[in-house]
Structures are given as structure tokens and as C-alpha cells.
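Trainee: The structure's right below; bear with me while I get my questions together.
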Amino acid sequence: MEITIRSLFKKGNFLKLWLSQTLQSLSMVLLQVIVIVKVYQHTNSIFGSASVLTVMAFGSFFGGILGSYHIHRFSLVHILHWIGWARAGLTVILAFLLTNIQPAFFILLLMTLFFISVVGSWYQPARFALLPLIVSKKEYMKANGTINVIHQLFLVGGWGLGGVIAITLPFYLIIVIISVSFLLSGILIRLIQTDHSVTREESDKPEKAWIKLMRVGIIRNLTLMDVSESLANVVWSSAFIVAFTDEVLKKGSEWLGFINASYWIGGILGSLMVVLIAKYLEKRIGFMIGLSSLAMAILTFFFATNKNEVLSLLLCVFMGPLYQARDICLQDVIPPNERASVMAARSTILTPWSSVAYLVMGWIADSVNIQFTYILGAVLYSITFLIILLHPSLRNYQYHAEKKI
């Protein structure tokens, strides 16, 4: 694995993209934490602080709609570059508004957060589309796995790190860190050397993203899987885990941290496994995606019915769904000039649905009980497995690294 990772990071373009992604992830976690903390301190309102994430979710939704129609018109490198710079500038404006949280300024603050999310909603689709253009097809698997490790690490410790920074460093210093990180993210992307005509997604007139999303079976089925699993994944949020530890495991709130960390460690191990067995996965990628969903179904069911806290931690560690393997499929089946717009269209569906999923599963947990909710999560993971089982094109999908894009 060491040689594989070393050879990947020797590629200057990939290293710049990886660092840009890391800085974007760090900046967004810090930004959300500091805004939520400041809003709560000034308003003493949970509703006020919760509105921060709600407004940002709406911004991502609106940006996804725009991206599905227009992102293909621009150079991917230019998009990613200007996202970093735009977010840096908007962060400075946000800092001023956070020091003057009055009713009128609070509306402006929410509007600024909305625009930050609209701008940022184009980052992941553009990054997704750019990655296959700067690494060879043989490196797709390990490149996605390596980037996903960073994503999982920020899920594990990002909010905790952000909380520590928020209470230990001066406010303006945190704003400087966030702004500089956004700026560096944009600069790193600008330094990527690639053919301008390749990174511009309008060389051929692309098929409309929404038509592509519904017409191509593999894209449609993977999206349906993500819709189903968005509901299932809700049970791994802190609100549900803390209820499970109290009602089922009969443990204190400290076990929320233990289980949370164990689950996301499983995600990191899953990402590392992709890097380790990339060649094996290439030949059986459809099968492995299905096996991952089946494993999640079985492990979640045992977690729901188990009352031993130590076994619960072990079950969580083994939960390492290979979501990056789905990215490989999508990068392979979507033409280069349509990748960003199709991913933006997917985001338009999945982003608001994720918010609705919390309400749906929360209502079920209150109406029945928390254990039933986890069992339902296992059923939903099983549905994603059935989607693969019933669609041979996805079940038998093989990734051919030597095939030209």
C-alpha cells in the first residue's frame, strides 16, 4: 500500500487536488462550527443556530439545480479556483456580520451563508469530474479511496476539532485560518496543469443531465440506492445513537462518542481497503458494491438486536461501506463532458432528501421505538442490495482500467 500511495502522491496534479479538497473540508467544518457557536451565543436560541444548517442545505439544493444546467459550460479548473476565492471573500463578509448580530444583520448573515453554499455546491461535482482527467484509469480506484479517507477523517474529528478551535483561538484568527484555507484551495487548483480543452465540458454538446440521470440504468440505479441508504444512514447520526445507547444499551452519553468514532473508523478502514485491493475490486466492482450493502444490512440488524456495548463497537468498526466504489462506476459510465452536470443533478435530489430523511426516521423513532428504527435501517440497506441483485448491468459491472475514456 505504501508504494501505491507514494506513487499516487508523486503526481503533482493529484497532490494539488488532494490538498485543495483537504483545505475545503477543513474550512467548511470550521466555518459551520464558528457560525453556529456565534449565532447561539448572540441569540441564545437553538432555532437560530439550527437555521444555519437549514439555510446552507437550501443553498446547496439551489446551487445543485443551477449546476445541473450550467456547470458544463465552464472550465472545471476555473470553477474550482473561483469557488475557493469566492468562499474566502464571503467568509470575510460573514465575519463582519457575526460581530453585529442584530435582526437586520442576521438576515444578511443567513443570505451570505446561502450564497456560500450555492457557490460551494459546485465544488464536489467539479472535483468529481476533474479527478479522472488528471489520473489514469488504472489509478481511479486508489485515487478515490485516498480522497475519501480525508473525507472520513473530517467526519470523525472535524466537528470535535472545530469545537476545540472555536473555544481556544480568537474569533478573528479563526476567520483568517478559514479564509486563507479557501484561498490556498483555489490557488492549488489553478496550478493544476492540464489541457484547457479537456477540462472544459462543452467540447461536445452534452445530453441534459436530468435525461442522462433517468435514462442510463447504472446511474439511475446507483441514485436509487443512495436515496434508500440516505434513510438508513440517518440512524448513524448522533441524535439516534444517543437514544440507542440510552434505551437499548442502557449506557451513558459517553458511549455516543465511542460508537460514533467506531462507525467512522469503519468508514476509514473501508477507504483504505479500496486502496489495498484496488486491482481485485476492478474486476468485481458491481459485486463488491452489492456485498457492501448486504454486509451493512446484516451488521445493522445485529447492532439493533444486540445489547452488549463492546460487541456494538466491534460491529460498527466492521461497517465500512465502499461508497467510493460507486464513484468509480459513475466516473466510468458518465462521459467526461457530462460528469459535473450529472453529479450536480444527483446532488439536487440527494441533498434535500437527506434533510427529509432525518424528519421521517425521527418521526418513526418517536412513534414506535429506536430499536425498530435501526431494524428498519437494516431493511433499507437490504433494499439497496436487492436493487443490485435485480439489475444485471449493475450486478455484473466490471471496471476496465485499460479502456479509454
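Easy rule for this one: first residue shown is 1, then count along the chain.
Glycine residues also receive a Cβ, built from the backbone N, Cα and C atoms like all the rest.
Automatic, uncurated: that is what TrEMBL annotation is.
Below, the features straight out of TrEMBL:
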type	residues	note
TRANSMEM	21-40	transmembrane segment
TRANSMEM	46-67	transmembrane segment
TRANSMEM	79-98	transmembrane segment
TRANSMEM	104-124	transmembrane segment
TRANSMEM	145-165	transmembrane segment
TRANSMEM	171-192	transmembrane segment
TRANSMEM	222-243	transmembrane segment
TRANSMEM	255-278	transmembrane segment
TRANSMEM	285-304	transmembrane segment
TRANSMEM	371-390	transmembrane segment
Trainee: Under 8 Å between C-beta atoms and at least six residues away from its ends: which parts of the chain pack against the transmembrane segment (285-304)?
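Mentor: Tertiary neighbours of the transmembrane segment (285-304) are 225, 229, 232, 235, 248, 270, 312, 315-316, 318-322, 325-326, 328-329, 371, 374-375, 377-379, 381-382, 384-385, 388-389, 394-399.
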Trainee: Considering only Cβ pairs under 8 Å, which range in 21-40, 171-192, 222-243 makes the most contacts with the transmembrane segment (79-98)?
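Mentor: Answer is 171-192, with the largest number of Cβ pairs below 8 Å.
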Trainee: When each of 21-40, 104-124, 222-243 is checked against the transmembrane segment (46-67) for Cβ pairs under 8 Å, which one has the most?
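Mentor: If we count Cβ pairs closer than 8 Å to the transmembrane segment (46-67), 104-124 scores highest.
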